[in-house]
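In what follows, a structure is listed as structure tokens, so that the remarks can point back to it.
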Amino acid sequence: MIRGERVIGILAAGGSGQRAGVAKQWLVLGGESVLRRSARVLAACDAVDGLVVVVPPGDEARGEAELAGLGKPVRAVAGGPARADSVRNGLAAADGAVVLVHDAARPFASAALAGRVAEAAARDGAALAALPATDTVKRAEAGAEVPRVLETLDRRTVWLAQTPQGFRRAVLEQAYAAAGPSASAATDECALVEAAGAPVTLVPGEPGNFKITGPDDVRRARALLEAPVATGVGYDTHRFAPGRRLVLGGVEFEGDGLLGHSDADVCAHAIGDAILGAAGLGDLGRHFPDTDPRWKGVSSLALLREIAAKAAERGWRVGNCDVTLAAKRPKIAPRAEEMRARLAGALGISPAQVNVKATTGEGMGFVGREEGVAAHAIALLVRAAG
């Protein structure tokens, strides 16, 4: 509240994301949707008492579920054919004397900025976050096939509009009424208030408060929100089983094999587990359970190919992996380079990005008793470009 008056945040999330090629509000960045991140800006503002989220028709339940747990009551309503229509629907559902309208595709605004806009709106009737232009601004003829400069504007008079934009409810309602059907053409709410002849206060905005509009903005947002690298650790053991093939790192060795549902390639399994861990995808058993006949006797290199593909779906590629085998037998060093090549081929990377080494465990434990083989692995994943 401000001066005892309720303040309601309206999230404009009714668009289809046509310019970005995706429904921007549902895009997940850094483990959280853009909509939820933008809503958190308003929810974290002490002045805001509740939220109204305007979503595409039919997505009301999804919108409310997406914003659950933010600490403020949430109501979802259906949007209209244009932004101004959607905000009008949100305004009708808001029960505050002051409203803050915020783009659902601006997740980087601060709660402090929202508070300053709300305070100015309560005091002056209408306010918006904006940045003074720092570049020289040219005016050109709209829609010209070959754009040409008509004039150079005095950049001291030019401000670049952001959101939140705040209003006394009555001021915004009167602006909509004055505009009539032409309100749908407005690209922001302050334009309606200006057209109605009411003053609008400029509140200094934030340079990082950009709107996710196109693919370049998505990439910029990902770079800010998602870690460029991730690491995972894998561990696996298998006991020796006479009569089975012994496969390590995709290479067949002489001697008793290892017991397992697949080919029991403990080296590949540890690497796969490390990659799954780095990508936040659980473990090997979740994806390739020993109850599934599809994986019976299969080469573990095939599992690695599947795992690399699953990581790629999450936007990751394998940067490098390092595996240590603990085994009294067989001798690994003579065939380590061959193992590196096989593992790298399955992962779609260079052998230079794979390291294989071994230890005998100094004769201790089940390895020292030659009961089986263990493998420890670490994998580094790198965020894929684009």
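Any Cβ shown, glycine's included, is placed from N, Cα and C.
Feature annotation from Swiss-Prot assigns region '2-C-methyl-D-erythritol 4-phosphate cytidylyltransferase' to 1-229.
As annotated by Swiss-Prot, site 'Transition state stabilizer' applies to Arg19 (among others), with the evidence given as sequence analysis.
Over all protein chains present, the Cβ of Lys24 (site 'Transition state stabilizer') has 28 other Cβ atoms lying within 10 Å. Residues or ranges marked as site 'Transition state stabilizer' in Swiss-Prot: Lys24 (among others).
A helical conformation is recorded for Arg155 (site 'Positions MEP for the nucleophilic attack') in the three-state DSSP classification. Non-local neighbourhood of Arg155 (site 'Positions MEP for the nucleophilic attack'): Pro132, Ala133, Thr134, Asp135, Thr136, Val137, each in the same chain, at least six residues away, with C-beta under 8 Å from its C-beta. The annotation site 'Positions MEP for the nucleophilic attack' is assigned in Swiss-Prot to Arg155 (among others) on the grounds of sequence analysis.
Positions annotated as site 'Positions MEP for the nucleophilic attack' by Swiss-Prot, on the basis of sequence analysis: Lys211 (among others). Within its own chain, Lys211 (site 'Positions MEP for the nucleophilic attack') has Asp103, Ala105, Arg106, Gln162, Asp217 as residues 6 or more apart in sequence whose C-beta sits under 8 angstroms from its own.
Annotation comment: Swiss-Prot describes 230-386 as region '2-C-methyl-D-erythritol 2,4-cyclodiphosphate synthase'.
In the three-state DSSP reading, His238 (divalent metal cation binding site) counts as strand. If you draw a 10 Å sphere around the CB of His238 (divalent metal cation binding site), it holds 20 other CB atoms from the protein chains shown. Feature annotation from Swiss-Prot assigns divalent metal cation binding site to Asp236, His238, His269; the stated evidence is sequence analysis.
DSSP assigns Arg369 (4-CDP-2-C-methyl-D-erythritol 2-phosphate binding site) to coil in the three-state reduction, placing it in neither a helix nor a strand. Marked as 4-CDP-2-C-methyl-D-erythritol 2-phosphate binding site by Swiss-Prot on the basis of sequence analysis: 236-238, 261-262, 283-285, 288-292, 359-362, Phe366, Arg369.
Residues or ranges marked as site 'Transition state stabilizer' in Swiss-Prot (evidence: sequence analysis): His261 (among others). The number of other CB atoms found within 10 A of the CB of His261 (4-CDP-2-C-methyl-D-erythritol 2-phosphate binding site), across every protein chain shown, is 16.
Within the same chain, the residues at least 6 positions away from Thr360 (site 'Transition state stabilizer') whose Cβ sits under 8 Å from its Cβ are Ala326, Ala327, Lys328, Val367, Gly368, listed in sequence order. Per Swiss-Prot, site 'Transition state stabilizer' is recorded for Thr360 (among others), and the stated evidence type is sequence analysis.
Figure note: comparing Cβ neighbours within 10 Å for the binding-site residues Asp236, Asp292, the maximum is reached by Asp236. For the recorded site, Gly361 (4-CDP-2-C-methyl-D-erythritol 2-phosphate binding site), the DSSP three-state label reads helix.
By neighbour count, meaning other C-beta atoms within 10 Å, the densest spot among the binding-site residues Pro289, Gly361 is Gly361.
Candidate binding-site residues: His269, Arg369. Fewest other C-beta atoms within 10 angstroms, Arg369.
Secondary structure at Lys211 (site 'Positions MEP for the nucleophilic attack'), taken from DSSP and collapsed to helix, strand or coil, is coil. Under the DSSP three-state reduction, Pro289 (4-CDP-2-C-methyl-D-erythritol 2-phosphate binding site) is assigned to coil, being neither helix nor strand.
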